[in-house]
């Protein structure tokens, strides 16, 4: 019997319509919502009106003057972009069986919002408005700098020029902006975030799926931060090619543990952070030399291999051949006898993800399957690909969430370690080919480099 999702059970279709001036974190929040829901197996997609605007505008300059509401020609182009986006959203629900769409734009006037609400309701889609309102000058400037360096509108501009132009764009929108109001908009379903979480206004949230979205956005913090991911150092079980267990580190694993602080400081300097580990010995030993506050999470323990715990893949293939084949055929859904599947791990990781979104700088030291699930969340990796990603030992992965994606930096410790990666169709471990997924390639490209 197959799994069902929240959206399958209730046939809910929700369109989250973003509201807010530029540089308030709307695109960041939009992308986070999509990644979160997709990670939970809910079919969701973001429709960024800026992309549609660039498509319909041709060679028209995207400077601040383009957003002058009194420029009728450019206003018509922006309206056309919005029309194309909402048309695609309707098709996403009616032809692709989507569950949640995010309409990512300023939607700064009540007239625009009513137009969107009417279209959604006409097509049996539940509109849910989400406003990010802020007068936090520091946050706005930081967001403007981030957008100036990452937005496609400014790909050929110097950072200081892009920032100045973007601030002028904000001023154009401020002239006509109408924020959501609990009285004037009392008949609408909406959530309003004031200065991120200083105040949260919730109005007419009716469904379970809407409440899940509300709970999630109340936990995210669109502020600059770093997240480091690392497997424990090489363990004795790794050397013996066994899975699971609670073995100690090998000699090389202890070498990695002693070098980990240096790797973190080289990537970010002197910085305050918290270290999260699982309850298993090998992660705690890896964190032992770090001078930071430490927190253990049972939810970060390795995927439970059930009856196969402590066995090699060769032994599993010999003793449980049908299970071995079934896991290769559907690694995300397959559950070890008496153990867990990758889907089970995702479910138990949800509280970890929520708390991770609330925190600032965190170093997570955990296990291969768990890191695959966490990395898949931040990088929006499809379910069928995530269990096949290679997360090598003795490698620190630095994630930097940004407005238009997550910046990834891979830092190798240059301390040898065995490979525990098993490709599909074999019981042997080790990097046998380059035929795996794009994320396999991403995490195995050599020299240190930054990627989006």
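In case you wondered, yes, glycine gets a Cβ from its N, Cα and C as well.
Listed in sequence order, 334, 336 are the same-chain residues at least 6 apart in sequence whose CB falls under 8 Å from the CB of residue 327 (beta-D-fructose 2,6-bisphosphate binding site). Taken from Swiss-Prot, the feature ATP binding site covers 20-28, 143-148, 324-327, 368-372, 404, and the record attributes it to similarity to another entry.
Sequence annotations record features per position, and here Swiss-Prot assigns beta-D-fructose 6-phosphate binding site to 53, 78, 106, 112, 169, 173 based on similarity to another entry. Other Cβ atoms within 10 Å of the Cβ of residue 106 (beta-D-fructose 6-phosphate binding site) number 22 in total over all chains.
If you look up Swiss-Prot, you'll see 104 marked as active site. In this structure, residue 104 (active site) is part of a beta strand by DSSP. Listed in sequence order, 18, 26, 27, 30, 46, 47, 48, 49, 50 are the same-chain residues six or more apart from residue 104 (active site) with CB atoms under 8 A from its CB.
Under the DSSP three-state reduction, residue 231 (site 'Transition state stabilizer') is assigned to strand. Residues or ranges marked as site 'Transition state stabilizer' by Swiss-Prot: 231 (among others).
The beta-D-fructose 2,6-bisphosphate binding site feature in Swiss-Prot is assigned to 231, 238, 244, 313, 327, 331, 342, 368, 372; the stated evidence is similarity to another entry. On its own chain, residue 244 (beta-D-fructose 2,6-bisphosphate binding site) has 237, 302, 304, 305, 308, 309, 310 as residues at least 6 apart in sequence with a Cβ closer than 8 Å to its own Cβ.
Swiss-Prot lists 232 with the feature active site, tele-phosphohistidine intermediate.
Under the heading site 'Transition state stabilizer', Swiss-Prot lists 238 (among others), citing similarity to another entry as support. Residue 238 (site 'Transition state stabilizer') falls within a helical segment according to DSSP.
What Swiss-Prot lists as site 'Transition state stabilizer' is 367 (among others), and the listing cites similarity to another entry. Under DSSP, residue 367 (site 'Transition state stabilizer') is assigned to coil, being neither helix nor strand in the three-state scheme.
The annotation phosphoserine is assigned in Swiss-Prot to 435 (among others) on the grounds of a large-scale study or a structure entry.
Per Swiss-Prot, the feature phosphoserine maps to 446 (among others).
For the recorded positions 53, 169, 325, 367, a Cα to Cα distance of within 10 angstroms from residue 232 (active site, tele-phosphohistidine intermediate) holds for 367. Here the C-alpha separation of residue 342 (beta-D-fructose 2,6-bisphosphate binding site) and residue 53 (beta-D-fructose 6-phosphate binding site) works out to 39 Å.
Cα of residue 106 (beta-D-fructose 6-phosphate binding site) to Cα of residue 231 (site 'Transition state stabilizer'): a span of 40 Å. Counting neighbouring Cβ atoms within 10 Å of each of the binding-site residues (28, 173, 342), the lowest count belongs to 173. DSSP gives residue 173 (beta-D-fructose 6-phosphate binding site) a helix state.
Using CA atoms as reference points, the recorded positions 20, 53, 173, 238, 325 were checked against residue 372 (beta-D-fructose 2,6-bisphosphate binding site), and the closest is 238.
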